[in-house]
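K.L.:
Take a look at this one; I'll ask things after.
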Amino acid sequence: MGCVSMTLGIDEAGRGCLAGSLFVAGVACNEKTALEFLKMGLKDSKKLSLKKRFFLEYKIKTHGEVGFFVVKKSANEIDSLGLGACLKLAVQEILENGCSLVDEIKIDGNTAFGLNKRYPHIQTIIKGDETIAQIAMASVLAKAFKDREMLELHALFKEYGWDKNCGYGTKQHIEAIIKLGATPFHRHSFTLKNRILNPKLLEVEQRLI
């Protein structure tokens, strides 16, 4: 990759889901390569179609001048360790693998999870997936992994609408949990916290509002 300045962008997908894994991705490349991806239509993954995300994922993974890392934390790990700890561990793993390759590290959001003491050149950027190409590339990669996981799980549990909601707490998804209960792929710490698994309590609360 030569001596050209390299930037590592980090972003996640699945943070606020009720089901499935958290995926954290890191993508490292120089500005010339980043520009190539912007010309391909790269932007914040939430603004791309599923087909376009999978297309860009393929391009990221097969480009000779791009380094990439994806870390998965399962629903069980999130329940055991907590979401914050899982995010930190995933970011840390990416930094340990990618830090030596790059000159700059840019993380989407407003926290470096305390890792800026060990990696002082980390920058946190709110809505970084809208302004930094490498973060947008990481966003696409993480979201594509999350999309694929939930499509595969949807084949096993069609009633929860995971092909459409991707594990997020939509009305249909919550109603399915109330009616059918949670699957082994649900984050029980999330569903219990939101009182979803106790519909009687939920009805009482609605009457109190």
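Using the three backbone atoms N, Cα and C, a Cβ is placed for every residue, glycine included.
The model shown is predicted, which means the values in this text are computed figures rather than measured ones.
Below, the features straight out of Swiss-Prot:
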type	residues	note
BINDING	Asp11, Glu12, Asp108	divalent metal cation binding site
DOMAIN	5-202	domain 'RNase H type-2'
K.L.:
Run through the Cβ atoms and count how many others sit within 10 Å of the one on Glu12 (divalent metal cation binding site).
P.N.:
23
K.L.:
State which of the following binding-site residues has the fewest other Cβ atoms within 10 Å around its Cβ: Asp11, Asp108.
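P.N.:
Sparsest of the binding-site residues Asp11, Asp108 by Cβ contacts within 10 Å: Asp108.
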K.L.:
In DSSP terms, helix, strand or coil for Glu12 (divalent metal cation binding site)?
P.N.:
strand
K.L.:
Starting from the Cβ centroid of Asp11, Glu12, Asp108, the recorded divalent metal cation site, name every other residue in that chain with its Cβ within 8 Å, sequence order please.
P.N.:
Ile10, Ala13, Val24, Ala25, Ile107, Gly109, Gly128, Asp129, Ile135, Ala138, Ser139, Ala142
K.L.:
Which secondary structure state does DSSP assign to Asp108 (divalent metal cation binding site), in the simple three-class scheme?
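P.N.:
For Asp108 (divalent metal cation binding site) - judged by DSSP and reduced to three states - the answer is strand.
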